[in-house]
Amino acid sequence: MRIAFKAGALAAVAALALTTAACSSPASTGDTDGASSDSGPVNLTYWAWAPNMDKVVDIWNKSHPDITVTVNKQDGGDAAVTKLLTAIKAGSGAPDLMQAEYQKIPTLVSAGALKDLSKLGAASTKSDFTAGAWNAVTLGSSAIYAVPQDTGPMMFYYRKDVFKKLGLKAPATWDDYAKAAEVIHKADPTQYLGTFSSGDPGWFAGLTQQAGASWWSISGQSWGVDIDSAASKKVASYWGGLVQKGVIDNDPMYTPAWNAALNDGKQVGWISAVWGPGVLAGNAGKTKGDWAAATLPQWTAGANANGNWGGSSTAVTAQSEHPQQAMQFIKWLNTDPTAVKALAQIANIYPADVHATDSALTTAPDFFSDQSDFYQVAAKASAAVQPFTYGPNVNVAYSAYTDAFAKAAQAKQQSQFLSALSSMQSTTTSDLKKSGFSVK
Amino acid sequence: MTAVTQTAPRPAVAKRRRRDLRSRVLTPYAMLLPGIVLFLAFMAAPILYTVVLSLQTVKVEGLGLGPDSRSVVFAGLENYANSLADPEFGASVLRVFLYGLIVIPLMLGFALLFALLLDSKRSRATRFSRVAIFLPYAVPAVISSLLWGFLYLPSVSPFVFLANLLNVPVPNVLGPNLVMFAVANIAIWGGVGFNMIVIYTSLRAIPSDIYEAARIDGATEVQIAWRIKIPIVIPSLIMTALFSIIATLQVFAEPTTLRPLTNSLSTSWTPLMKVYRDAFTRNDIYSAAATSVLIAVGTFVLSFLFLRVVQRRAFGQED
Amino acid sequence: MATIATTPVLPATTRTRRGHAERPSAFGTAILLLGVVYCLLPVVWVVMASTKNGSELFSTFTFAPSTHLLDNIVELTQYRGGLFWLWMLNTAIYAGVGALVSSLVSALSGYVLAKFDFPGKGVVFGILLMGVLVPSVILAIPQYFLLAQIGLTNTYWSVLLPQLISPYGIYLARIYAAAAIPTDVVEAARTEGAGELTTFFRIAIPMMAPGLVTIFLFQFVAIWNNFLLPYIMLGDDHLFPITVGLSGLLNQGATVPALYTLVITGALLSIVPLIILFLALQRFWRVDLAAGAVKA
């Protein structure tokens with residue numbers, strides 16, 4: 001027999017299947033805040049990816065037998081958000097609590113994935129956080145979609161032994177950085193001061209944030225997209241120039257090759273964030289004691305501007321049946337001194353709580369044990385973070401970054417870095433317009 | 001399965017007994033029920049659901065942040081039009097065709113060569129070879145891509161290490177020109193063994209007296225292979241080719257796993273990667289559904305054409 | 001074919017054309033062994049790499065072994081309270097139970113399609129066969145939505161159920177049933193008054209057994225290989241199969257490279273049971289995709 005392709009049979013199967021599919025169109029569950037009033041013991045699930053978060057949560061579980069929180073460890077921010085959005089569309093399967101990166105909040109809010117915590121008493125935590133972090137979880141509105149958990153002010157790590165040998169000082173400006181990159185690469189052609197990573201859109205966003213860019217904006221009822229602003233162009237063309245010259249590497253970060261390069265001294269600097277020491281300890285363990293931490297080089301000598309790379313909040317999902325209990329836990333996790341201390345020391349993150357942080361972070365991370373002022377430098381970096389607004393389609397902009405800048409980095413052409421930026425801008429804008437968002 | 005000359009017993013024999021409608025129609029369908037129910041629930045319904053999704057889209061109002069600012073609306077064929085007009089989609093389809101032109105001939109060529117060598121009485125170490133070459137089939141694509149990824153990366157690759165010792169320049173296989181071969185190699189590595197077993201199985205089904213006669217006539221092993229063995233395994237080759245075409249159009253895991261290692265693989269490198277990106281990264285399952293339907297239809301048309309071209313030899317036995 | 005037959009594929013072997021057929025051919029064996037080297041290369045690599053500790057992994061020559069295999073296994077076992085072994089167990093459940101039930105469904109369907117004559121048979125088979133063409137990547141998302149309707153996501157069922165149906169398995173089972181079960185035998189059983197299911201279980205299954213083992217292995221590997229379905233369905237990593245678990249570790253390895261050694265050791269340990277399974281059942285590995293056609 002041959003492959004039967006008879007219209008009648010197809011129609012029969014289609015009809016059968018249709019009855020199954022018809023009752024399955026996904027609808028997000030209604031926003032019934034504080035619906036549950038049960039006082040019995042409740043179980044909350046918490047999707048998080050910060051290391052050892054389960055151990056931090058254990059502290060809570062010991063003292064709160066009525067509200068048990070179970071951590072479901074996730075691969076990372078992107079994977080968790082992907083799954084959450086699918087669960088929201090499907091109408092079930094979402095956890096109660098979610099570790100959400102700041103840049104994902106507008107996307108999650110727009111998908112109706114998060115509960116508004118303003119009626120659950122979240123406002124009382126406002127004084128614990130910087131204005132910037134608070135703005136990221138409220139999107140400048142009266143709603144509160146999450147409570148800040150940790151932040152990622154950018155920092156610059158470099159091999160002080162290599163710098164010393166070549167008579168270089170920690171770069172105060174990006175000009176200094178470019179010169180240092182050239183000196184280092186000339187002295188040893190296998191060495192680079194850094195790499196331009198097409199795999200890390202958050203890293204590039206942070207660099208443009210430092211230069212004064214804000215990729216999205218809200219004015220009235222419209223979104224603005226400003227990815228190819230003058231500030232972003234300045235950053236793109238700067239890195240494009242370094243890559244074109246060949247004094248900076250062009251391969252992505254976070255590959256086995258990059259790890260190896262950090263460990264064997266081929267990469268002698270890393271533009272990273274406050275959480276960098278944990279990564280360096282893992283991938284460049286044998287270089288411990290050779291590194292120094294500094295604030296990011298500046299565009300204007302003497303200025304103190306910075307960007308964020310990473311950082312996340314804790315949110316309650318729209319499908320949670322116990323929002324009140326969830327809110328209780330979130331408040332404890334992110335503002336209670338014991339919890340914040342545990343976040344810093346067990347989960348190795350830089351807590352967003354400004355009061356608790358001073359007391360929780362006193363000794364430098366182990367990898368930088370010879371730099372006693374590590375957290376003073378971090379505090380300076382944290383205070384200098386510039387305002388930045390994320391839009392509802394960060395994911396689109398970020399994946400456009402990955403594709404466009406991969407091509408540019410591969411081509412090693414400064415001009416392509418600029419066209420990559422405008423391709424990001426047009427992809428992001430047209431995606432917003434296509435979905436019907438009002439775009440300025 | 002060993003007797004080639006004997007024709008298969010025809011199910012029509014069952015007709016000899018006249019039975020009532022109940023046992024003639026209801027019994028087979030009752031026995032097919034588990035298969036049909038599972039098929040409807042987990043294949044037909046999802047497929048149909050995909051089609052429904054592909055005709056919809058999300059419309060947002062204003063900032064899209066309020067609880068009721070987002071609604072699903074009927075979109076007609078808009079998603080299909082957008083997909084077809086998307087240059088990324090066209091590029092990914094073209095890429096997959098090139099990729100198939102590399103993978104399928106090489107994979108099946110090697111599979112046939114190894115199967116013939118295994119079948120040849122003059123080869124040694126055949127038992128060991130058969131198991132060893134088949135082994136990669138046991139390695140999931142995610143893991144095999146991970147292993148090859150480590151072997152490709154210039155700074156950790158043993159090949160680059162050796163080449164540097166010998167002072168030979170090596171091209172970066174993850175660079176833009178060679179990356180397709182790097183991905184193809186993983187697919188070939190994973191697929192040669194399985195296809196070899198398929199072809200080898202049909203070679204073993206040939207009674208050896210067929211070529212004893214040829215040997216007596218003085219034919220060499222190579223001549224026997226070309227004149228007798230290969231023509232006999234043609235149906236198997238057709239089927240392996242068909243399934244390889246389908247698998248090629250669906251290539252996903254290998255490039256996705258390699259992507260973080262290089263600048264040369266985009267998020268829409270193959271059509272299914274684009275579907276994945278649209279559905280998961282861009283959170284637009286509606287256009288992803290439309291692209292999926294296009295891929296499925298394309299696969300179907302291509303398989304159908306392929307079978308037409310080879311004169312439906314493989315399915316011809318029972319009509 | 002006739003025209004091609006005049007051009008030998010292996011010029012080197014033609015030189016030995018007068019050689020007796022039983023004489024070993026060094027050239028043919030050498031080519032075969034080259035194939036073996038190619039196929040074993042990454043496997044040897046993973047064996048070597050799993051003997052290294054974190055710092056050796058990127059610093060010593062790739063194929064140079066070290067002495068840390070046991071340390072790595074111990075470390076992997078201790079990772080989050082033995083989670084790795086739970087992943088292995090889950091994989092065994094998903095692939096083992098899934099493949100077993102799937103083979104049974106395939107066998108029953110294939111048997112009916114081969115040995116019964118009934119209206120609509122061609123249509124049913126044709127539609128089932130079209131299922132072969134649909135990529136599982138495409139199915140995973142709508143399958144999630146449908147299972148979410150009945151609250152089954154993030155359970156063992158969500159990974160097991162969708163993989164019980166295998167159009168490919170049904171296709172193979174039909175071929176095996178047609179080739180292995182003489183219709184007279186089925187007829188005889190019916191004449192003696194045996195029920196259809198009894199006939200299937202008592203007579204058809206034993207006759208199809210070798211083919212069913214192939215279908216079982218086939219589906220086992222397919223489930224084992226299916227990454228996206230469990231990845232989407234499961235949120236709780238205690239339910240993960242090994243591929244999703246290892247890939248998660250690998251992603252975390254980007255920021256915690258110490259996990260790379262665990263991933264590599266895990267990759268090695270995860271393919272060992274499959275290799276053993278393959279070796280144990282290798283004589284059943286006869287994938288006859290076109291048996292019917294040969295006979296036509």
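Placed from the backbone N, Cα and C atoms, the Cβ positions cover glycine too.
Annotation source TrEMBL lists domain 'ABC transmembrane type-1' at B:93-306.
The transmembrane segment annotation in TrEMBL covers B:25-49 (among others).
Per TrEMBL, the feature transmembrane segment maps to B:96-119 (among others).
What TrEMBL records for B:131-153 (among others) is transmembrane segment.
The transmembrane segment annotation in TrEMBL covers B:173-200 (among others).
Per TrEMBL, the feature transmembrane segment maps to B:232-253 (among others).
According to TrEMBL, the feature transmembrane segment maps to B:285-307 (among others). Panel annotation: around the transmembrane segment (B:285-307), residues 47, 50-51, 53-54, 56-58, 75, 79-80, 82-84, 89, 93, 241-242, 245-246, 249-250, 271-272, 274-276, 278-279, 314-315 of the same chain, lying at least six beyond its termini, place a Cβ under 8 Å from a Cβ of the stretch.
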### Query
Which residues, given as numbers and ranges, are at least 6 beyond the ends of the transmembrane segment (B:25-49) yet have a Cβ under 8 Å from it?
296
### Interface-richest range of B:96-119, B:173-200, B:232-253 toward the transmembrane segment (B:131-153), CB pairs under 8 Å
B:173-200
### Residues of the parent chain within Cβ reach of the transmembrane segment (B:96-119), under 8 Å, 6 or more residues beyond its termini
126, 129-130, 133, 180-181, 183-184, 187-188, 191-200, 203-204, 225, 229-230, 233, 237, 240-241, 244-245, 248-249, 251, 270-271
### Query
Which bits of the chain, at least 6 residues beyond where the transmembrane segment (B:232-253) starts or stops, bring a Cβ under 8 A of a Cβ in it?
4, 96, 99-100, 103-104, 107-108, 111-112, 115, 141-142, 145, 183, 187, 191, 195, 198-199, 201-203, 206, 270-273, 276, 295, 298-299, 302-303, 306-307, 310, 313-314
